[in-house]
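Feature annotations, courtesy of Swiss-Prot:
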COMPBIAS  10-35  compositional bias 'Basic and acidic residues'
COMPBIAS  640-658  compositional bias 'Polar residues'
COMPBIAS  682-695  compositional bias 'Basic and acidic residues'
REGION    1-40  region 'Disordered'
REGION    640-712  region 'Disordered'
REPEAT    107-142  repeat 'Pumilio 1'
REPEAT    143-178  repeat 'Pumilio 2'
REPEAT    207-246  repeat 'Pumilio 3'
REPEAT    345-380  repeat 'Pumilio 4'
REPEAT    381-421  repeat 'Pumilio 5'
REPEAT    519-557  repeat 'Pumilio 6'
REPEAT    558-595  repeat 'Pumilio 7'
Amino acid sequence: MPKEHKKRGRRDEQKKRKRDADDDATAKRHKKDDVDAQFQPLDAAHQLHHGGVGEDGELTRPGEVQFYGMLDEDEQEFFKNVDDQLDRNEFASPDERAQWLKNVFKEAEGKELKIANSQSCSRVLERLILLSTPGQLKNIFEKFNGHFLNLVQHRFASHCCEALFLQAAPVVTQELANPERLQTPPSSNPDHIFVSMENLFLFTLAELQEHLGFLMTDRFASHVLRVLLVVLSGSPLERQSKSVLQSKRKEKVDVTGAEKGREWLAEKRAVPQSFLEALEKVINNCVSGMEPHYLRSLATHPLGNPTLQLLLKLELSHFGKSRAKDEKSLIHRLLPDDPIAEGTDSAAFINGLVYDPIGSRLLETIIENAPGKLFKAIYGEFFKERMGSLSRNEIAGYVAGKILERLGKDDLEEAMRQIVDQIPSLVERNRTAIIKTLIERCVARGVDTASIKAQLETAYGGSNGFEVIRILKLSEEDGKPGGEHKQQSPEKLHGSLLAQTMMSVEGPLGNLVFDSLANLSPELSVQLARDPPASRTLQAALTSPNASVIFRRKMIQQFYGKVGELALDPSASRVIDAIWNGTAGLAFIRERIAEELAENEGSLRESYVGRAVWRNWRMDLYKRKRNDWVKQSRYTAGNDGFQSFPESDGDASNSQTRAGKHMTAIELARQKHAAAKAAAQGKKDMKKEKTERHGTGSNSSAVGTKGRVVAQ
């Protein structure tokens, strides 16, 4: 296994600063004893890589990493001050910051490589890249040109390369959409040659091309290579799995002012045809020189596996699933047998991945992206009769989840029958992710969930029937006031997600959770609100379209007298925010909550989360102009008059449409009673008016006169 990826920068005070040359040497080592013991074929795989074998048959690795020198003390102090100024963000205007940034880059002129390799200053360069203009990004590209092979393998410089590729990606799309951007701008340097961002990326790829096989399993370069592949493909950068693009331990580097205009991260980008051609060439070169045996060894390599996943996904999504028939394709090299049957190399490969902590992730990618014909063959041969046993396993359960996402209705019903029998065992082992996926797919395919409901009701049953606190794993220590919010266990998070998924299903399955929540004591309800995972379940319950008015009324009333206290808690404050939407059709409850918030104004204003609740509930308007607050809150609820209990003063049907999908029997009875009472009152008023209009005796003239006056 590779060494632990420590956080970098001056914040890691426990480590002494080392020379960059030592870091470079460390970056090239992979705990050779551990890795080679498990993945012996890798060196041979690298030797077989195109361009990776010399004439004498020895492995051609990248040369010695170049040492670019170190910043002197004054330079380090300067960039430390730059980092502090970025944190303070005390610029009067964006123009002032742009001018300051220009001066910083002027000071850094000629020192870019030293900064990128510096333990204390590389983070500063990474933050500066996030604020850079396209011209400044191109300048950094040009300074790094010819040195990328060294930089991507460096512990600190590799982060700068990642940031540079990500920030430069939209510039390629902008230049493609607006060719006038490619016109050579006036330059003070007559020898300056204008280069498009497209060509800068292609130059970088050409520099790395010869050593791609080695970089795929390099501790730091593998992450940069994946980012570069995603940029070339035009795929959304934020939708990629974090484990595929970067290490889980990677420090999140950000800077104020870089948040705006980053919507492109979640969007598919238009890229030039040269990028797609380069991507196809990379995929071909990465596998063309490797025998299938050596290529498969990457599937269980901790660094090679994510790169292999990405290459496989990009191949099938960008070049058509018909590519699987091409003998030179990556998917065909991994699974060459047709048909795939027991006893073949492909079968041995698949069976070896199912229970492997690393290899199973590649199998998930194959299942998710394989052509329909190939998926059906794999499912029928290896998994159709094993869904129950797969779901019980901690690792294979995730493979089973991916399989469920691709099954049709008939196959899903058969798989459900196998998994439902295992639900008691799954609940006992806290492996609820597969149950959540099964419910979601049953809803999507229109499969009846009655058997799932029965098993869950039994598995989480107690003295009072189904107990939601068992599914949420709530202990006596959780949610206590003044307690610290510790990192939550995966079991609690998965339990909360399962409860939320159940509530998204209309009918008996969702009602299990709703009824259990409504029957909790006020103390337990407050405890749930304070517990982070359980709090999200409460939020979902209060805002669910399947939650009835009666449930929301009962649930919210559990918090009476505790609203001010809960609004100060980081988790419970979000429940108070959710009550705003949860009181649609419940005017008196919304105003009751607002009154409690107003009573605790002082403490709320002194707390960060309290101020957020105060703002979300528009309490400033409530304090100044309460009538306006009432009108606006009624308008946002979509009902001119909120539904009160037990009678309705407004449009009950509209309230019910927004608050819940269906009215219960008692709600229908109340609506009918209110309508009958209103009709009776109307008849009574009409009779009285008729009597007054046709008055008798000495009062007839007076009554008639009064009627005429009113009519006027």
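Glycine is treated like the rest: Cβ placed from N, Cα and C.
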| said: For the repeat 'Pumilio 7' (558-595), report the average pLDDT of the model, please. | reply: 92
| said: I'd like the per-state residue tally for the repeat 'Pumilio 5' (381-421) from DSSP, helix first, then strand, then coil. | reply: 30 helix, 0 strand, 11 coil
| the repeat 'Pumilio 4' (345-380): which same-chain residues, six or more beyond its ends, come within Cβ distance under 8 Å? | 243, 292, 296, 299-302, 305-306, 308-309, 312-313, 316-317, 321-322, 324, 331, 334-337, 339, 390, 393, 395-396, 398-399, 402-403, 405-407, 411
| request: Mind tallying the repeat 'Pumilio 3' (207-246) by DSSP state, helix then strand then coil? | output: 24 helix, 0 strand, 16 coil
